[in-house]
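As structure tokens, the structure follows; a few thoughts come after it.
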Amino acid sequence: MENLGVGEGAEACSRLSRSRGRHSMTRAPKHLWRQPRRPIRIQQRFYSDPDKSAGCRERDLSPRPELRKSRLSWPVSSCRRFDLENGLSCGRRALDPQSSPGLGRIMQAPVPHSQRRESFLYRSDSDYELSPKAMSRNSSVASDLHGEDMIVTPFAQVLASLRTVRSNVAALARQQCLGAAKQGPVGNPSSSNQLPPAEDTGQKLALETLDELDWCLDQLETLQTRHSVGEMASNKFKRILNRELTHLSETSRSGNQVSEYISRTFLDQQTEVELPKVTAEEAPQPMSRISGLHGLCHSASLSSATVPRFGVQTDQEEQLAKELEDTNKWGLDVFKVAELSGNRPLTAIIFSIFQERDLLKTFQIPADTLATYLLMLEGHYHANVAYHNSLHAADVAQSTHVLLATPALEAVFTDLEILAALFASAIHDVDHPGVSNQFLINTNSELALMYNDASVLENHHLAVGFKLLQAENCDIFQNLSAKQRLSLRRMVIDMVLATDMSKHMNLLADLKTMVETKKVTSLGVLLLDNYSDRIQVLQNLVHCADLSNPTKPLPLYRQWTDRIMAEFFQQGDRERESGLDISPMCDKHTASVEKSQVGFIDYIAHPLWETWADLVHPDAQDLLDTLEDNREWYQSKIPRSPSDLTNPERDGPDRFQFELTLEEAEEEDEEEEEEGEETALAKEALELPDTELLSPEAGPDPGDLPLDNQRT
């Protein structure tokens, strides 16, 4: 390109411009499943350093811990948050075809939101990466395209890095084009004066591009082809969480118990236990029917003339109506609804929601059939179970209803999808026995045998919920077409199975990867033009509703906490009586309620709701504020007892240890070897004479220094 004439240089620039235009105007492929009613626009969050606002066009190349160049502006208390609505960062170049005079309006977030903590997902994962190059990409690309938007999922980081490479190559080509155009006829003496600045800039961009390519190649070369890109984020988040929980387990005995509970419940950790012996009398019989069902043949069917206003008979109908006025609001007091509805909160709330959304008319659901089914369904929730009863189902269903109505999701989902989400939330814990999946597996229960230890309770809830439709006058889907019915069943199954808490980290990683990938590739537009993307959002929506207790007003949250702990303690008592090891947080003599809630918020609820808030920004900001306030309340209630403090270096038999897979163990060994080699090299470098240390040839690469020497 150095010998291009004026005409050829202009033609090359024109080709480059057309190429960039085609790249920026790339349209999404035609839908594979159905056309979405409206795409979701993901608003990008920016964390800007006030000291750098004047020079936002300049790329930060200052050394940082473990980084050769800046890839992330870590959130600190002094940082101010900015939201970019339908616009681009201040670093957008004027030549970028994606920029326009109408874009780029920066809106400062309200003050209460600016100081909110970030979840553990934004912490460094460098201690667990496979190579020094990978270690240089702990977070997002601070590029002109993305400003300082924080990106933490590996696949989105790869895409962002490749876009930076493309931008650099385009800039190099543009410089060559401009240089050729200015050079004019060969032999023009003035052209030599323009070369040095272009060469300096070109060398800088070339080195930066090589660095980006090296990191992308490293990520892609270590990607296991049989796993999805979402698993890259899932594995990364699990490694970070394991490290955080290990630190927590070293602080105290109660911290150790909280760590073990979170790991076993939300990380799908399998533990080996000694199962009780099965005697001849206890030997399970062949099963041909769903257990736990009763009253299918002689249900108390209602007639259309006798259907109460809210589906339940109550002498406090007016008070109930007043309470249900808050059905569309976050934080409905379902305990009060239960009192006013004769302990039928699920029936009253679902009946009210279906009327509010006009679903009875849309799907031709007879009111008496709906009321009969809901009463039958609620009757199969166990009133003697402290937490997983019809109160919880009603709360999750109402929370799902409110989340579906969030402005960011307006007109996104079809009526059938909304019906499926509400139905899934209503049945998601029906016939729950008040014990965990692991308890059923450990006790060789009938349900565990029937469902082969895989999402035992979730499969059972689905079976019961659908089986009840076969009772007399209970088929609320009788007027759906065969195609609609199959589609609804598929969605409900996917959503209820996703409420298995052992799948939490995979759900979270997939959602965060989706959100960040769309930020990088589509200017924040999430089209949801296929079933996989749409059901992923719905799964996370119901999962958020299922884990919404910490986002509710504190009086409600405390009642839910009391109930879940009572259920845990009941399971612990049963385990103690059966001679089994007591599950984490189920021993009423040692469990710390306050620490359990702080740990649950820090490592489970906060990362999930933070990611959901990114998807629907700014609609969930108040929920995050409530979550933070509730965490601080429980944190303030943790007893400061000296007897609870233990030696962090203790190695007692009750200390929780994370089990590593064979693959993770090999990675740990490789990291230890690399760290030892790097430490030895660093020591040799430090022993060199000062003159050699000042020499560029003798000095070690900053990226090769051990971690401790890079931290500032």
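Every residue gets a Cβ built from N, Cα and C, even glycine.
As stated in Swiss-Prot, the feature region 'Disordered' covers range 181-200 out of the listed 181-200, 221-240. According to Swiss-Prot, the residue from D333, D475, D546 that belongs to the AMP site alongside H388, H392, D429, Q597, F600 is D546.
Ranges compared are 1-31, 249-279, and Swiss-Prot records region 'Disordered' for 1-31.
Across the binding-site residues listed here (D429, D546), the residue whose Cβ sits among the most other Cβ atoms within 10 Å is D429. Note: the Zn(2+) 1 site is recorded as H392, H428, D429, D546; in the same chain, H388, A393, V396, S425, H432, T499 also have Cβ atoms within 8 Å of that site's Cβ centroid.
The number of other Cβ atoms within 10 Å of the Cβ belonging to H392 (Zn(2+) 1 binding site), over all protein chains shown, comes to 24. Within 10 Å of the Cβ of H428 (Zn(2+) 1 binding site) there are 29 other Cβ atoms, across all protein chains.
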